[in-house]
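First comes the structure, then the notes that go with it.
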């Protein structure tokens, strides 16, 4: 048959149409009761959380590649509002906050993205990711049916979605984003506040759906997630979780691979056998997406850590704080992922047939026309079991699952760890520091930069969280006839504070310190102080250690000295100083002088050599050092210091607080049995955090290190180490 030009043109157009339709089909994300469907295909999705601001852009490619090599399909991240909009309408998407770059790197690696926009994140992040300025918007009430909050939240959410669309990053545009999350763990808050919470849930769902991303929206810990939005599970175990509709897939957005470290707390860890067991149990009971929170935890640089959170956000993740594989956790989970993928055709084609193999043992068998997979489970915490399945014996350790991708061959058991353990060491680099020091004087009531008020003021309303530090200053005049001057029985100063730490200076000398903790952020300082006849200078340095990241009514949270403040033991009994006239000052002097940078004020004289201050409060230290050879990750050993902050070449590597020793019960930990954050602990009696990550990408050939020490420490004990 001979085709004329018109026939050929019609065929060519038909082919183009088919190709176009094919592209449309391929660029699609939907779901059914079994799984997320990408490009028309159901998928078992293995995911890991990597938060872009908690590492450096130079680290991102390596982290993403290791995640891919570890068997992951998806990278999950929050979006950090306070990092992106530090002032109203002023946006920042550079350096560690270059969200677009991060997502494009994930795409280049061939992985997908679950973008948890929130924009509330919790995440042990300062103020839960909210910008502090939001607290002071008139009429503001957080995360409820409140117009000022909804307007701000909608504006930022739209900003992020439009940015993703402009860069063509949603899967329907050919990008990697296959899921997006609105809000975050809101169910408990909704339950607590009632009707306004329910109204807010409906509003936020409709707002998100109206943005037309082309990919499914999810809400975690949200049993009443409306309509097409998928409700998902967070926790150590989610095997028994069920979504609120039989038409939605069973998804796990946070499988906690460990837990956070707070100052004053021991360091938690979670045995990999238990993580693998939890994943296998979830998959055998119909789960189709598992996300490890965290896969790489990273570092809380700057002042981004939440209330009392350590600068390290290592989380006992498969990739440690420095980006190195944690073994055997990384490799044992990699083997799990391979076994699950071998079973994927059967898992997604059929529902499980469950058969008892013993009192606490059972088989989950998935049949399809072309495949069969079985999960053999032993729920017994104490005893191993030999079971018969299809006429063959299988040995199941306690609290374990064996995976048989062909219903015959055991390729993996969650408790049989074949990967070798690797112990990481912190090895001194031999770097020598030659310290200079500068001691701050305590401010006085009438000096420059102070302002006065009658009574006590709340700290964050004054600082707007631009500094951790806020001074409360007053004078106490003691008459010569006061009895305590003769008896030597000094009066008792009592200061009640909403947190987090308080340094009390009397006549320029540190009289004492008090601090709270994560479970009890409020504090009371109560100590006898030495006063003389005449005017005595009282300076209270109130210190915030991050802002709370979880709870309700963010707009009502307070910090600082709110009183009462009393002096007991004077002739007239007790003085209530709470309503006295107080002077206030935001920040410490060194911050105002930018001592952490190379552009410091020339008016500062640094003490050198043998005159360098040791064990003195309010002391700044600086030195220079050369970058060590090699490519091993670097850290500072700060074990001889007390509390403060550290800068490298003007960049803040986080708060240090080695003086706060870890409380808790450390000892042997059995993987078997239900895990919680207190079960497996290390570091008891030692500093909650000793080593502080120094990113190599922040270094030059010669570098400046600056330390601000609040309590007093010995800088000669600081050393630069490499992680090997």
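Note that Cβ sites are derived from N, Cα and C of the backbone, with glycine treated the same way.
Feature annotation from Swiss-Prot assigns active site, proton donor to 185; the stated evidence is sequence analysis. Among the features that Swiss-Prot reports, active site, nucleophile is placed at 254. Swiss-Prot lists 255 with the feature N-linked glycosylation site, giving sequence analysis as the kind of evidence. The signal peptide annotation in Swiss-Prot covers 1-27 and is backed by sequence analysis.
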Between residue 254 (active site, nucleophile) and residue 185 (active site, proton donor), the C-alpha gap once rounded to whole angstrom: 11
Take the C-alpha atoms of residue 185 (active site, proton donor) and the residue listed as 'N-linked glycosylation site' and report the distance between them in angstrom, rounded. 14
Among 185, 254, which are active-site residues, the residue with the most C-beta atoms within 10 angstroms of its C-beta: 254
If you draw a 10 Å sphere around the Cβ of residue 255 (N-linked glycosylation site), how many other Cβ atoms fall inside it, taking every protein chain shown into account? 24
